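Have a look at the structure below, then the notes.
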Amino acid sequence: MEAKNLWRFLVLSTGVAIISLVSWLHLPSFSNKEVLNCNLYSGWCTSKNRFYSSARPNEIKNPSSPTSDHQSEIPQHPLDPLTVQEFNRVRTILSSHPLFKSSSGYTLNSVVLEEPDKKLVLKWKKGDPLLPRKASVVAVVKGVSHVLTVDLEISQVTSHETGSASGYPIMTMEDMVGVLEVPLKSTEFNRSITKRGVNLADLACLPISSGWYGIPVEENRRLIKVQCYSKEGTVNFYMKPIEGVTALVDMDRKEVLAISDDGQNIPVANGANTDYRYSIQKLNGELRLLNPISLEQPKGPSFSVDGHLVKWATWEFHLRPDPRAGIIISQVKVRDPDTSKLRNVMYKGFTSELFVPYMDPTEGWYFKTYMDAGEYGFGLQAMPLDPLNDCPRNAYYMDGVFASSDGTPYLQPNMICIFESYAGDIAWRHAECPITGLKVTEVRPKVTLVVRMAAAVANYDYIVDWEFQTDGLIRAKVGLSGILMVKGTTYENMDQVPEKDYLYGTLLSENIIGVIHDHYITYYLDMDVDGSDNSFVKVNIKKEETSSEESPRKSYLKAVKKVAKTEKDGQIRLKLYDPSEFHVVNPLKKTRVGNPVGYKLVPGATAASLLDPEDPPQKRAAFTNNQIWVTPYNKTEQWAGGLFVYQSKGDDTLQVWSDRDRPIENKDIVLWYTIGFHHIPCQEDYPIMPTVSSSFDLKPVNFFERNPILGVPPNLDEDLPVCKAHKSA
């Protein structure tokens, strides 16, 4: 195939959205006179002024406006992300280091802030000199992974190690895009595509992480698999898979190792009526079923953002974008209504890893067991949020500034939004009944603060929310949306399927199967409840039987508390008929009546992995073996699947750390929780999926002397806009 035609293909990474092959060749830097806002993974750039004037609501005024020039930003807090100037300094320092001077074949897979020691951050106060700024750099040089610390104060590399565990770092954009042209140079691959009647100009291809299965030919080399779709006639090319054609590619050598083609009799679905764009839907007539709706705030929002510090109601926390985790929430504090003092709740929280195994063991599907944070970077997949639809009016938008593979900083615009949410819910109410003679009706509206990111992980979109409530509760929520990853089939109707033929999913439309799969999102929660030394308490709810002499009752429920001594005591599998509460308490801090102050983890709807623990994907994702883990704080143990996840063998996971069974009583501890989903696709998931969500809560338990909702004001007529909606018919 001629090289000039290669650039015509649109490609799609498994961890990101559509990108032109050309876009990565001209990465915009911050050295240009007019800074460009670019999402490397969607292939578009707009001038800064045009982008902000159309996407930034101007209702919110902050000392650090989102329209400020990123080139001139200066860190204000020890946990602030690296600035444009700091990224450029890292590049300069590394350029003189022997590791990079002696080699032109290197990539910088990750350049992020190296957080100062936790104890130093906790002591730091606004107005103090900023703690020394350092960058953590992960680089691959001649196939070897290196981890370096760059001290920006003294302009030196102060630490340099090579990776000790199996696996490779997060793929770079050049890795993902560079492999896509490799199969297209293969006559065998092109023949497999064209003989199915697909025009090569209509290809949309995916670089799919290959996982690890102990196959000898795949050892000691970075591999990726490439599969393609037809985008003829629809933007929803996911519904038109070219089934059975898979290329195994060596990422470093840029060569095809093998091509499999076991779907020659499977047609490409026609993709009719799969285009999801609203403009296309309107061609069939007016579709407006709902009138527009918006939250009006006549006095403006109640929150403020100063750099990366967010304040709202009684809450205060630090917020930063991260290329791997997406959103990192740090130093979460809540103001006590009785003492007016800020009290520590959580030092740091973020999504540590995602695991998405598809339940089809056949040749073209067995390897589809994605670990999106460690393989592709969850934050790198974050798409610009759509004002008025992703986030309501009066939302504040925060950009991410990340490093490309040569260290050049670029902008991830509108990556995070912050807004107040009110859906007409009630935070608390009580009305006295007439028999008391008291005419009392008291109601408090439930207004919350939401921090949101949406990551487009190829076909799937993950909506990640951190929600703060006026009762002291923190809710972490994940919404799954987007489009199914489907499998081509010869069947057009279930009547054609032999009784013994298992489809590994559901027939959704003619020639389309939705494959069964799971989603697991594991959270890292460094709890610091009124201080760093905490304990984990499992509160079992047990049935207690009574004697006939004791009570007319035969049974009641009893709360039995057990403090976890070591890590294995903190490994929890949830059981419906063995209910428990899970408290993180500070045994040295007590309420007026003597209860230890604490927060409890309240699980939501979740799922447990049913895969064999020795199945290679499950071994790599062993952090999903339990829903809850508790480990002692260790700065190096943040990523549940290990620092290097790509093709890892499962030798550096949360399971491995926790099996050391270290003491955790009255220690600085980290709580881990996994949200899980089993997904058996149905026809309502075709051609797009409705959003499904799950969440968990961190809820105060004996943390306050009384309910903090008491101080929340009710809504009054004089506080609301004068405009009125039409009455319902």
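The count begins at 1 with the first shown residue.
A Cβ is built for glycine as well, from the same backbone N, Cα and C atoms used for every other residue.
TrEMBL annotations: computationally assigned, not manually curated.
Feature list (source: TrEMBL):
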type	residues	note
TRANSMEM	7-27	transmembrane segment
COMPBIAS	56-69	compositional bias 'Polar residues'
REGION	56-78	region 'Disordered'
DOMAIN	169-268	domain 'Copper amine oxidase N3-terminal'
DOMAIN	295-709	domain 'Copper amine oxidase catalytic'
ACT_SITE	Asp372	active site, proton acceptor
ACT_SITE	Tyr460	active site, schiff-base intermediate with substrate
> Taking the domain 'Copper amine oxidase catalytic' (295-709) alone, what is its mean pLDDT?
Replying inline: 96
> Looking only at Cβ atoms, how many others are within 10 Å of the one on the residue listed as 'active site, proton acceptor'?
Replying inline: 29
> Where DSSP helix means H, G or I and strand means E or B, what are the helix, strand and coil counts for the domain 'Copper amine oxidase N3-terminal' (169-268)?
Replying inline: 27 helix, 29 strand, 44 coil
